[in-house]
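K.L.:
This is the structure, below, for whatever I ask next.
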Amino acid sequence: MERTTITWVDGHVETIDQTVLPELRLLRLSTVDEFVDAIKRLVIRGAPLLGAAGALGVALAAAVSGRVGYDPEQVRRDAELIASARPTAVNLRWGVEQVLPFVDEGADAVLVAALDLAAADVTANKQLGRRGADFLREQLGDRPLALHTHCNAGALACVGWGTALGVVRSLQEDGLVRMVFADETRPLFQGSRITATELAELGLPHRVVVDGAGAGLIARGMVDAVVVGADRIAANGDVANKVGTYPLALAAARAGVPFVVAAPESTLDPATPEGAAIEIEERDPDEVLVVGGRRMAPAGTGAVNPAFDVTPADLVTAIVTERRLIRPALGERPS
Ligand SMILES: CSC[C@@H](O)[C@@H](O)C(=O)COP(=O)(O)O
């Protein structure tokens, strides 16, 4: 089933609540506070979706302001609240900034720009997905492939289609997917709850594996390629993605397996020179310590909960965007 993850309905933003998937629950966001809270709680999540959400969030701020006497300064203050709701995925601030120039023209102009930006996400994902699939066919030959992915970089992490799963979907169109291994992706299980749901809907053969199993599967020759998304790509090609991505890249490099990052141009951040300069979101320790309402560690034991890690450019076989193929491991730089 092809659905749009975020839409504008009667002056509100309507989105899928990604915290309760695989249960499908739609949520209507009517105020900027609700919107910012939804981003912080990962109701709305995934880098490309956060880009569209940034733009639609400003449209919501403008619509709300329009109801009480339009105030562009207030809209700009709200825009900053939205842009800073989460720090790592650069797409969020990018999406906000794309529509800021329209704020002085009024709420309708912001909305039109935001909807255009959201629609462009689907087109971009189809293009980068095809580019990634063609690259893997060229590297590995036309044979059915076993792919490994981490977190969720499918349609639900985007407005539609998906980035890493966009590559998988293009390979599926070519009849070349033998298996998809999806890391469960602790602590919040985006792999089990979201990626597996999407793979099942697409009719793709798949297995969920614990995050710690990935490197071993790769070492045992069970994986032909690793394909992941990204939340921010520094100018030198270092890639920030969901925590647990870096170990897959290490294992892939050791095994000589391609490690492909699929992301739209909006995830590239020329202003950040290298991965060390990327702010890594630190989240609530209880996301690690409490599973399904039950505390797994003794009272008094704390946790470190970085939401992302950084894979150095030399481990990245290729970055595919809607416009180009970049080979960081061969010394090519995105910016
Ligand atoms: C679809 S692009 C890749 C990422 O956004 C995805 O893998 C990811 O790390 C999302 O993290 P999340 O914390 O769920 O927003």
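Including glycine, each Cβ sits where the backbone N, Cα and C put it.
Checked TrEMBL, it gives:
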- ASP231: active site, proton donor (ACT_SITE)
- ARG45, GLY46, ALA47, ARG86, GLN190, ASN241, LYS242: substrate binding site (BINDING)
- CYS151: site 'Transition state stabilizer' (SITE)
K.L.:
Give the distance between the Cα atoms of GLN190 (substrate binding site) and the residue listed as 'active site, proton donor', rounded to the nearest whole Å.
P.N.:
15
K.L.:
Write out the long-range same-chain contacts of LYS242 (substrate binding site), meaning residues 6 or more apart in sequence whose Cβ is under 8 Å from its Cβ.
P.N.:
HIS150, CYS151, THR185, GLN190, VAL228, ASP231, ALA307, PHE308, ASP309
K.L.:
Taking the Cβ of each of the recorded positions and counting other Cβ atoms inside 10 Å, which one has the highest number: ARG45, ALA47, ARG86, ASP231, ASN241?
P.N.:
ASP231
K.L.:
In sequence order, which residues at least six apart in the same chain have a CB under 8 Å from the CB of GLY46 (substrate binding site)?
P.N.:
GLN18, ALA89, ASN152, ALA153, LEU156, ALA157, CYS158, GLY229
K.L.:
For the substrate site given as ARG45, GLY46, ALA47, ARG86, GLN190, ASN241, LYS242, which other residues of the same chain have their Cβ within 8 Å of the site's Cβ centre?
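P.N.:
Apart from the listed residues, the neighbours are LEU42, LEU50, ALA89, CYS151, ASN152, ALA153, ALA157, GLY229, ASP231, ALA307, PHE308.
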K.L.:
Taking the recorded positions one at a time (CYS151, GLN190), which has its Cβ surrounded by the most other Cβ atoms within 10 Å?
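P.N.:
Answer by Cβ density within 10 Å: CYS151.
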K.L.:
Of all the Cα pairs drawn from ARG45, GLY46, ALA47, ARG86, GLN190, ASN241, LYS242, the residues the record ties to substrate, which distance is largest, in Å?
P.N.:
17
K.L.:
Where does CYS151 (site 'Transition state stabilizer') sit in the DSSP three-state scheme?
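P.N.:
DSSP assigns CYS151 (site 'Transition state stabilizer') to coil.
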